[in-house]
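Report on one structure; see the data block that follows.
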Amino acid sequence: MIKKTDAIYAAPLQEMIDFKFDERVVAVFPDMIQRSVPGYGMIISNIGILAAKYAQAGSHCYDLGCSLGAATLSMRQRIKEPECDIIAVDNSPAMLERGRELLARDAAAAVPVTMICADIQEVPIENASVVVLNFTLQFIPPAQRPELIERIYAGLRPGGILILSEKIAFSEPARQHFHQELHHDFKRANGYSDLEISQKRSALENVMIPETLACHQERLKSAGFSSVEVWFQCFNFASMVAIK
Ligand SMILES: Nc1ncnc2c1ncn2[C@@H]1O[C@H](C[S@+](CC[C@H]([NH3+])C(=O)[O-])CC(=O)[O-])[C@@H](O)[C@H]1O
Ligand SMILES: O=C(O)C(=O)Cc1ccccc1
């Protein structure tokens, strides 16, 4: 398959429709996420490194909101513990269908993967050593986030980790402006026009709700996680590791 460039928001739109992970997004997703999220490739590689360190023998590793399975493939390549498997979940049928093709194409590894088309809020989390929420929590309505984080905590073994990557917000307007402008400069440098940037921003407004780092850290701590470490940040994108 030819690599398709994201031009979804390139032409002026008559009406703004909320952003959706449909066939059009799936077809350009690797290009879209790479050009939109600073450090995405580095985050994916390091999810494999973290999973290799924290995966426990005989446990499950979860990739919640797996999209095309980039984090799953990275973990599958690195995990060396015996009797581990990966459960990858996404509720977009189009994403999962393409994700399954990519998974089948990837060289077979010792770690089995099950891809499930389901809402991550309804999937049981049990006997887990590694749980990944790589830019997924931001799409869950804020009021429902504490329950999901608490369920993940309950399903983790002691010493297990949650890797949480998110677009973040800043409570001080000047800092919000600073990081948002730099993110837009990053997108412009990757070939997006001002129109594409602003149309996508409007489409995401009701769907993707970033919170501050402090808000994430407090929620993780109140769920019971013993430590929360920010291991990556570039502009308004960050990734944390929370250890049970
Ligand atoms: N309630 C839900 N249940 C299941 N899936 C959901 C839900 N809500 C959203 N999704 C799914 O979460 C994914 C978010 S993308 C993750 C990138 C990936 N992790 C990556 O490492 O490449 C992030 C982004 O595009 O900014 C989409 O595939 C949605 O269908
Ligand atoms: O594109 C953006 O502005 C983002 O904030 C990141 C993103 C990347 C891919 C899908 C949805 C949001």
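Each residue, glycine too, has its Cβ placed from N, Cα and C.
The secondary structure of ASP90 (S-adenosyl-L-methionine binding site), as reduced to three states from DSSP, is extended strand. Taken from TrEMBL, the feature S-adenosyl-L-methionine binding site covers TYR40, GLY65, CYS66, SER67, ASP90, ASN91, ASP119, ILE120, ASN134, ARG201.
Residues or ranges marked as domain 'Methyltransferase' in TrEMBL: 63-160. For the domain 'Methyltransferase' (63-160), the predicted model reports an average pLDDT of 96.
Within 10 Å of the C-beta of ASN134 (S-adenosyl-L-methionine binding site) we count 25 further C-beta atoms, all protein chains included.
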